[in-house]
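K.L.:
Sharing the features that Swiss-Prot gives for it:
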REGION    37-101  region 'Disordered'
DOMAIN    85-208  domain 'Thioredoxin 1'
CARBOHYD  N112  N-linked glycosylation site
DISULFID  C132-C135  disulfide bond
ACT_SITE  C132  active site, nucleophile
SITE      G133  site 'Contributes to redox potential value'
SITE      H134  site 'Contributes to redox potential value'
ACT_SITE  C135  active site, nucleophile
SITE      R194  site 'Lowers pKa of C-terminal Cys of first active site'
CARBOHYD  N213  N-linked glycosylation site
CARBOHYD  N342  N-linked glycosylation site
DOMAIN    429-550  domain 'Thioredoxin 2'
DISULFID  C471-C474  disulfide bond
ACT_SITE  C471  active site, nucleophile
SITE      G472  site 'Contributes to redox potential value'
SITE      H473  site 'Contributes to redox potential value'
ACT_SITE  C474  active site, nucleophile
CARBOHYD  N524  N-linked glycosylation site
REGION    555-597  region 'Disordered'
COMPBIAS  560-573  compositional bias 'Polar residues'
MOTIF     594-597  motif 'Prevents secretion from ER'
Amino acid sequence: MAFRVLLLFSLTALLIFSAVSPSFAASSSDDVDDEDLSFLEDLKEDDVPGADSLSSSTGFDEFEGGEEEDPDMYNDDDDEEGDFSDLGNPDSDPLPTPEIDEKDVVVIKERNFTDVIENNQYVLVEFYAPWCGHCQSLAPEYAAAATELKEDGVVLAKIDATEENELAQEYRVQGFPTLLFFVDGEHKPYTGGRTKETIVTWVKKKIGPGVYNLTTLDDAEKVLTSGNKVVLGYLNSLVGVEHDQLNAASKAEDDVNFYQTVNPDVAKMFHLDPESKRPALVLVKKEEEKISHFDGEFVKSALVSFVSANKLALVSVFTRETAPEIFESAIKKQLLLFVTKNESEKVLTEFQEAAKSFKGKLIFVSVDLDNEDYGKPVAEYFGVSGNGPKLIGYTGNEDPKKYFFDGEIQSDKIKIFGEDFLNDKLKPFYKSDPIPEKNDEDVKIVVGDNFDEIVLDDSKDVLLEVYAPWCGHCQALEPMYNKLAKHLRSIDSLVITKMDGTTNEHPKAKAEGFPTILFFPAGNKTSEPITVDTDRTVVAFYKFLRKHATIPFKLEKPASTESPKTAESTPKVETTETKESPDSTTKSSQSDSKDEL
C-alpha cells in the first residue's frame, strides 16, 4: 500500500513538472526522435518465441466471415448499426449455392452503373461478395422480391464489390451485404429486412402511399392470404383527420402494411366488429397470436406504440431471416432462450406466458441449440454452454451487455428476471477463457478473468492486442509484436499483452475490428485506453510507448547489434528523468488495416 502511495505521489509530481516545463518535455521528445533505434529491428524472427506458431486457423467457420461475432453482430453498417456483414474474412468456406432464378436481378458493372441508375426512377442496389454467407442467404429472397417489384417499376440490382472496387469505395461499402435505394439518382441506406416480404413492403412504402384503401372483399382476401403483417383501420371516412393519423403512423413502420376501409364486411373479415365504434384498428400477423386489437386514442403516437409492441411474435424464433427484425428493432433489450427440441415444449410454454407481460418492452427470442447453422454458433458467441435450457438478457445497443439467468425456467421467475433486466439491476456477464497456469512468456496472456489483475494494474504501463485466431492481419502482426516484447521484457514497469477477442470480453477492451491495440497508462486506469494507431513496426511501437508511458524508460543500444541470443544480451534499461506530454503525440500517416468483426 505504501509503495502505491509513493508511486502515485511520484507520478503526480512528475506529470506536474512535465506540464510546467514544455521546453524540457520537448527536448525529451527530440531525444526519442534522435535515438539510433536500428538495433530494434535486428532481432531475428528465429529468436522470437512463438514466431513459428501462428494460428493455423484461417477461417471463422462457425460464423461466415466473422462479422456476426462483434457485439452488434446482427446489423449491417459498421458506422450506423454495427456490422451484419461478411467483410474481413474471404478465406472462410462459402456456403453451398442453391439454384436461384435471378432473371429479374440486374447485374451492374462500372460500365453500366450510370445507365441503370439514370434510366430507372427506383433502383435497389446490393453490394455483395461471392464468399459472403449472408449474401448467399439473401440471394433467393432478393431475387423473388425483384420479380414482384418489377410490376411496380422498381429495379433490383447487384454489384460484386470484390470486382467493382471503385464503386464500392465511392459508396463507402464497409460490410456485406450493403443495400442502397436510389430514387431519381439519389441514394439512401436500405433499412428493411432480409425476406422477400420485408423487402417488398419496405420498397412499396418508399414509392407509394403509406396507407392503401380496401374496398372489396376480393382485395381483402388477397391481403389476408399474403402472409404479410397487416394493419387495418376501420374509419368513418377515407379522408380527413383519422386518415391523416393512420398515414403518419404508417411512415414509422417499414415492415408492416397499412390499409384502411369504411366497408363493414371488410372490417368483419379482419376480425373487427362491424358495429363497433369507429375509428377502430386491428393488427394481423401469421404468428400464433394472430390478432391484436387497438383500444387507445386514435393518434399517431399511440398507433405507433401499439404496432411496435404487437408486430413481433410473442416469442420470435431466431433464424438468419428473423435476426435483423429482432436486433434492429427499436426495442433494444432481448431475452434469449437457448433450448433443444427435446426440452422446448414445456419451457417455451413458460417463456411465452412471461412474454405477454413485456410487449413493447422486451423482445423474447428462442434459439434452437440443435441447429448447426446458427443455433450453436450463436450460443458460442453469447458464451452459452452445457446442457439444459439457458436464458440470458441482451442489451443490443452501442454498449452491448449480457446477463445470465440463474434459476428454473418458470414464467413467474422469468418475469422477475425481466423486470430486473429492464430496471438495470443485473450484473453483466463477460466471457473468459480459463486463466493460464503458466504466463511467463514475453507476451502475457490476458483473459476476461485476469484482465483487472494484469491490464488494470495501476503500477504498470500495459500494451494490449485484442486479436482473433482467424484474423490474417493478427497473424501478420505476431512476429513483430513478439519481437517488441522480447526487446522490452527487462522493463519492469511495462507489460506487453494479448487477448483473444473472440472468447474473452471486458468493458475496457472494446474492439471494432481485429487486431485492436490499446494502451493503458500507469496511474490512469479509470480513463478510456489509448488506441494505438501507428505503423506496425518495432520502432514505431517503441516510439509510441516512449511518448505515452507514464513511467519513463529508455533502451540502451547494445555494444554489438548482433541478434541477442540470451537474456544477458537483452538491451539494458535506462530510466529517464521526465515524461513527454501525451498532447505532443502525432499519429502515423500510415494505419494498418484490420479485420472487421
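Just so it is clear, glycine is given a Cβ too, placed from its N, Cα and C backbone atoms.
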K.L.:
Could you check which of the recorded positions N112, C132, C135, R194, H473 is the closest Cα neighbour of N342 (N-linked glycosylation site)?
P.N.:
R194
K.L.:
Counting other Cβ atoms within 10 Å of each Cβ, which of the glycosylation sites N213, N342, N524 scores lowest?
P.N.:
N342
K.L.:
Pull the DSSP breakdown for the domain 'Thioredoxin 2' (429-550) and write it out as helix, strand, coil residue counts.
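P.N.:
Tallied per class, the domain 'Thioredoxin 2' (429-550) gives 35 helix, 27 strand, 60 coil.
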K.L.:
Pick from H134, R194, H473: which of these recorded sites has the biggest number of other Cβ atoms within 10 Å of its Cβ?
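P.N.:
When each Cβ's neighbours within 10 Å are tallied, H134 tops the list.
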K.L.:
Enter the number of other CB atoms within 10 angstroms of the CB of G133 (site 'Contributes to redox potential value').
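P.N.:
Other Cβ atoms found within 10 Å: 22.
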K.L.:
Rounded to a whole number, how many Å is the Cα of C471 (disulfide bond) away from the Cα of N213 (N-linked glycosylation site)?
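P.N.:
So the Cα of N213 (N-linked glycosylation site) lies 53 Å away from that of C471 (disulfide bond).
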K.L.:
Quick one: of the recorded positions N112, G133, C135, R194, N213, which has its CA closest to the CA of H473 (site 'Contributes to redox potential value')?
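P.N.:
In terms of Cα distance, H473 (site 'Contributes to redox potential value') lies closest to G133.
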K.L.:
Of the recorded positions N213, G472, C474, which one sits closest to N112 (N-linked glycosylation site) when you measure Cα to Cα?
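P.N.:
Result: the closest of the recorded positions to N112 (N-linked glycosylation site) is G472.
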K.L.:
Return the member of C132, R194, N213, N524 nearest to G472 (site 'Contributes to redox potential value') in space, with distance defined Cα to Cα and candidates limited to these recorded positions.
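P.N.:
Comparing Cα positions, the closest of these recorded positions turns out to be C132.
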K.L.:
Helix, strand, coil residue numbers for the domain 'Thioredoxin 1' (85-208) per DSSP?
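P.N.:
In the domain 'Thioredoxin 1' (85-208), the DSSP-based counts are 45 helix, 27 strand, 52 coil.
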K.L.:
Nearest to C132 (disulfide bond) in three-dimensional space, by Cα, is which of the recorded positions R194, N213, C474, N524?
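P.N.:
Given the candidates R194, N213, C474, N524, the nearest one is R194.
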